Amino acid sequence: MGSLYSEYLSPSKVLEHYNYTKETLDTQETTSRWVALAIIVLICFTIVVENLMVLIAVARNSKFHSAMYLFLGNLAASDLLTGVAFVANTLLSGPVTLGLTPLEWFAREGSAFITLSASVFSLLAIAIERHVAIAKVKLYGSDKSCRMLLLIVASWLISLVLGGLPILGWNCLGHLEACSTVLPLYTKHYVLCVVTIFSVILLAIVALYVRIYCVVRSSHVDVTGPQTLALLKTVTIVLGVFIVCWLPAFSILLLDYACPVRSCPVLYKAHYFFAFATLNSLLNPVIYTWRSRDLRREVLRPLQCCRRAAGVQGRRGGTPGHRLLPLRSSSSLERGTHMPTSPTLLEGNTVV
């Protein structure tokens, strides 16, 4: 065991594993690579900003301190960290990869697995919450908030353990024949285990939503009201986008397990599949701010304040007789007054 951990700081181990699993090593710094790098960093920066705005909105307004929005906030936190992790992964990829120690490589890849795990567990928590709410099950009790926070903390602890298993010893250092092609320091069995766990959880989530729809179809108006159906549509869209974005990456990892070393050239292009999967973290904030009128107002409030301040400054320095129309204040969120909306609403005045 001691000899295994002593290899974690070896500067030649990563190169050894990549030489074994890859036919060729891409070590050239080309213009196209720098352009792709800039685009990825820009997308990840957008992911961080979007999800940070959602987190601030959920934390600032007590209207969003319900179970559903807390779980959505947890999903936003995992998406935000996904953007950070993918930036680090991108900047430390290519020629830089071969100069990493195994410890640095495990930290780079483990962070991505941790944030992915947190996203999956957040989706599971949302599905459970929707099932509880629609089935009218008394699950949380009087200490509901405490139990929700414990569930969120537990999901992150499980994610840390799952993503940290390779650095704790479940890796292929010293066993090249067991190595993954896509992730050359991970064993194929670990990759298969993680994909299997995620797939089982996603199937369980789909089963929960099927159960929810069955309950909705067989229930009375008090359960199948427009607010319930609208929120159910929103979280179902979030789940569908997650599956669409991550299915190609899961498929390539399953192919990695089945293919002998150097026999499937498509595995050398796996980074494109993972880049596509990262779009999920970009789309999630768009989905639930587009669907929720109140959340959209709260998220955009800082931009409205900036525009209002710019308008005041413009009136002070503008020409006489030129006046700007004042922007509508979003304080109606706190006063509980709302503009007329369509008949179909989501919880918290969400437009569908």
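Glycine is no exception: its Cβ is also placed from the backbone N, Cα and C atoms.
The disulfide bond annotation in TrEMBL covers C172-C179, C259-C264. Among the features that TrEMBL reports, domain 'G-protein coupled receptors family 1 profile' is placed at 50-288. As annotated by TrEMBL, region 'Disordered' applies to 332-352. Among the features that TrEMBL reports, transmembrane segment is placed at 34-58, 70-92, 112-128, 149-169, 189-210, 230-250, 270-290.
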**Complete:** Stretch winning on C-beta pairs under 8 A with the transmembrane segment (189-210) (pool: 70-92, 112-128, 149-169, 230-250, 270-290) is 112-128
**Message:** Out of 34-58, 112-128, 230-250, what stretch is closest in contact terms to the transmembrane segment (270-290), meaning most Cβ pairs under 8 angstroms?
**Reply:** 230-250
**Asked** How does the model score the domain 'G-protein coupled receptors family 1 profile' (50-288) in terms of mean pLDDT?
**Response** 87
**Complete:** Stretch winning on C-beta pairs under 8 A with the transmembrane segment (230-250) (pool: 70-92, 112-128, 149-169) is 112-128
**Integer Å distance between the CA atoms belonging to C172 (disulfide bond) and C259 (disulfide bond)** = 17
**Request:** Using a Cβ cut-off of under 8 Å, list the residues of the same chain at least 6 residues beyond the transmembrane segment (112-128) that approach it.
**Result:** 68, 71-72, 74-75, 77-79, 81-82, 85-86, 89, 151-152, 155-156, 158-160, 162-164, 194, 198, 201-202, 204-205, 208-209, 212, 235, 238-239, 242, 246, 274, 280-281
**Request:** State the Cα to Cα distance, in Å, between C179 (disulfide bond) and C264 (disulfide bond), rounded to an integer.
**Result:** 14
**Request:** Name, in the order they occur in the sequence, the residues of the same chain whose CB lies under 8 A from the CB of C172 (disulfide bond) and which sit 6 or more residues away.
**Result:** H17, A178, C179, S180, P184, L185, Y186, T187
**Prompt:** Counting across all protein chains shown, how many other Cβ atoms sit within 10 Å of the Cβ of C179 (disulfide bond)?
**Reply:** 22
**Request:** Please report the number of other Cβ atoms within 10 Å of the Cβ of C259 (disulfide bond).
**Result:** 17
